[in-house]
Amino acid sequence: MPDNSLPVLNWLTDMDGVLVHENRAVPGAAEFLEALRRAERNFLVLTNNSIFTPRDLRARLSRSGIDLPEMNIWTSALSTAAFLKDQSPGATVYVIGEAGLTTALHEAGMILSETDAEYVVLGETRAWSLPAITRAINLIIGGAKFIATNPDPTGPSPEGILPATGSVAALITRATGIEPYYCGKPNPYMMRAALNRIGAHSEQAVMIGDRMDTDVISGLEAGMRTILVLSGITQRGDLGRFPYRPTRICDSIADVVPLVEEFAR
Ligand SMILES: [Mg+2]
């Protein structure tokens, strides 16, 4: 368990449901980021979305009224790239995904290949291609290792839900009998890699999220303190179902602003 007597100088926070909600800033989000900057805390904003690069996300957030430098954004695509860079530097990979994933893998020194791939790397895409999925299946049957960015089965869209990475992974698993290794939440590797990125130790770090089953559990498993905000998925009435609890519960990010100072003492 984390040593709660040490000051918290490093902050990780989930993005959707905490800072933004359907492309609108949650009240208090801008003030929270300003408090972190003013106090000179290390911080990263995390998202399991692997479609966008940090630059794309920065532009999208800025349209919601949130000013966040690229260097403060950590995606499941970056976590996946960090994992491969550590595990298999310069590996050949076959990628199903968008610029967020291909850019991260390229910058991590991976070699993108349609044949002879050592890894199949699956991320989010909005244009699922049966030929690409078929190629991935055959590469895995031929011995390629199977990695995916995040297990989320669905995502939101104006027309209803969309099948997401976890659902396409299930299709590939059904065809191959091979389960992927996921590098995004709820794998605590996503938090560990984020802490490495900012040079922080887990005992002096806190993770904020709106989901008990992803944000809070992975923060806890990475040895961090955790804050649940009730502005997203998990509601107060759900808390009793979980065998673990966050360090602190707040109604929204607005109530976290004073904790930037309180947790540093
Ligand atoms: Mg969330």
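Each residue, glycine too, has its Cβ placed from N, Cα and C.
Taken from TrEMBL, the feature active site, nucleophile applies to D14. With a 10 A radius on its CB, D14 (active site, nucleophile) counts 25 other CB atoms from all the protein chains.
Sequence-distant contacts of D210 (Mg(2+) binding site), defined by Cβ-Cβ distance under 8 angstroms and a gap of at least six in the same chain, are D14, D16, G17, V18, L228, V229, L230, S231, G232, I233, T234. Here TrEMBL flags D14, D16, D210 as Mg(2+) binding site.
According to TrEMBL, the active site, proton donor annotation covers D16.
Every protein chain shown contributes to the tally, and the Cβ of K185 (substrate binding site) ends up with 27 other Cβ atoms within 10 Å. Per TrEMBL, the feature substrate binding site maps to K185.
Reduced to three states, the DSSP call for D16 (Mg(2+) binding site) is strand. For ligand 1, the neighbouring binding-site residues among D16, K185, D210 are D16, D210, by Cβ distance under 6 Å.
Same-chain neighbours of the Mg(2+) site beyond D14, D16, D210, judged by a C-beta within 8 angstroms of the site's C-beta center, are, in sequence order, M15, G17, V18, L19, G209, R211, D215, V229, G232, I233.
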